[in-house]
Amino acid sequence: MTQDELKRLVGQAAADYVIQNVPEGAVIGVGTGSTANCFIDALAAVKARYRGAVSSSLATTERLKSHGIKVFDLNEIESLQVYVDGADEIDASGAMIKGGGGALTREKIVASVADTFVCIADASKRVPVLGAFPLPIEVVPMARTAIGRRVTALGGVPVLRVTKDGAPYITDNGNEIIDVKGLQIADPRGFEAQVNAWPGVVTVGLFAERGANLCLLGTPNGVETIVYPA
């Protein structure tokens, strides 16, 4: 199977999971990125079962609305049973690097209030140690250089994310992103807390404190379901 076929496979598997585990009339939390888009496309076929969705980005909101799925502001929702999203990397504990699509802050907010985080990914995203994929850090623009110095002191290589025309990439929240190369993150939870404590960091794309509860992993032999201990 191609990577796109694996993404569609796990997108459908996530929709099947929601149908089997989330009652009708609920609101679904939805992530951002190409794999999350496959879930949205599969969810559209059963959209009548659910009130709608909470979105983690403007791009996801647009795709949900294109399928006629109602989008709620998180502040309107009392509880969220499930959040479905992809990952750039996931380790054996369910800790992830996320934010390749630029939506890490809103993804982390929505994930934090969901009862269950379902990660959907192809098998290439499963790694023994996080860090081969550059770690995104969303920063207040004036703190960009200061945060870069802190990253360098820890052995990382900070790279400002830019658009095709070379301008700084701006998140939905009006901030910038530093992508950090060259890390091997042996303690994801500790490193997440350390970076989040730096003044000027909005959030780091480590999802360890709130990792995945389960992962639907697309493999050439089908979908593998991995459940992580609480």
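Each Cβ is built from the backbone N, Cα and C atoms, and glycine gets one as well.
Here Swiss-Prot flags Glu107 as active site, proton acceptor. DSSP classifies Glu107 (active site, proton acceptor) as helix under the three-state reduction. Residue environment of Glu107 (active site, proton acceptor) contains 30 other Cβ atoms, counted within 10 Å of its Cβ in all protein chains.
Long-range C-beta contacts of Ser34 (substrate binding site), restricted to its own chain and to partners at least six residues apart, with a cutoff below 8 Å, comprise Lys7, Gly86. According to Swiss-Prot, the substrate binding site annotation covers Thr32, Gly33, Ser34, Thr35, Asp85, Gly86, Ala87, Asp88, Lys98, Gly99, Gly100, Gly101, Lys125, on the basis of sequence analysis.
Per the record's binding annotation for substrate, residues Thr32, Gly33, Ser34, Thr35, Asp85, Gly86, Ala87, Asp88, Lys98, Gly99, Gly100, Gly101, Lys125 show a top Cα-Cα distance of 16 Å. Taking the binding-site residues Lys98, Lys125 in turn, the residue surrounded by the fewest other Cβ atoms inside 10 Å of its Cβ turns out to be Lys125. Cα distances from Glu107 (active site, proton acceptor) to the binding-site residues Ala87, Lys98, Gly100, Lys125 are smallest for Lys98.
Applying an 8 A CB threshold to same-chain residues 6+ apart, the list for Gly100 (substrate binding site) reads Gly33, Asp88, Phe133, Pro136. Long-range Cβ contacts of Asp85 (substrate binding site) within its own chain (separation 6+, distance under 8 Å): Gly29, Val30, Gly31, Thr32, Gly33, Thr35, Ala36, Ser56, Lys98, Glu107, Ala111, Phe117, Val118, Cys119, Ile120.
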